[in-house]
């Protein structure tokens, strides 16, 4: 009995140690990426994710940490991310007055923008004669990752591909945003944020908050509404391109 308890306790302590190590690795990778990003004065070519991901991979590989252990050990950070996502509702609530004045065009832009983004991706994939499963795997590229994964599983796509597609979509959207705004003469941070949220989800929302709290709030709105709307129309849209 006592030996069993000792084994259980040892296992729990080992799990705690693994969790601490994994969280430390993740934080060190992100802090390094963030420092480089800030040193580069916010260049999207050196986005923290582009720096942190390979650094974390190298540390995990060199320390011979199994991927399943790494994912399990990051449970605390995953929980923190979920709480942070919920907390995005606060800056949005502070912008209710601004939203109330333009809610109709907001809904129109979200509705049309999400559909157009999906149509363009699927049309290009169909034009390149990609396999049907690949089309199913990129249809949800403009939705934030947790929702995109669920939608892709429903559509019969490959989760790894949609995860990469979402990441690349967010990075490219955030990278091109300022250039597109300048070309179009768009200087209203409400619409800038909304477009970033629709097209570049979480990464775009983070960039929007760098512009202003109002821009970030509208990006949050765009990301959230796109996440609600896209799973409703994608099952009807996808078969048109298969």
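Backbone N, Cα and C atoms are what each Cβ position is placed from, and that goes for glycine too.
As annotated by TrEMBL, transmembrane segment applies to 20-37, 49-67, 73-94, 106-130, 158-181, 217-238.
With a cut-off of 8 Å on Cβ pairs spaced 6 or more residues apart, the transmembrane segment (49-67) and the transmembrane segment (73-94) reach fewer than 3 such pairs and are scored as not touching.
Beyond its flanks by at least six residues, the transmembrane segment (158-181) meets 44-45, 47, 49-50, 133-134, 136-138, 140-145, 148-149, 152, 187, 192, 195-196, 199-204, 206-207 of its own chain at Cβ-Cβ distances under 8 Å. Remote same-chain residues near the transmembrane segment (106-130) are listed as 99, 138-142, 191, 194-195, 198-199, 221-222, 225-226, 229-230, 233-234, 237-238, 240-241 (criterion: CB distance under 8 Å, separation of at least six residues from the stretch ends).
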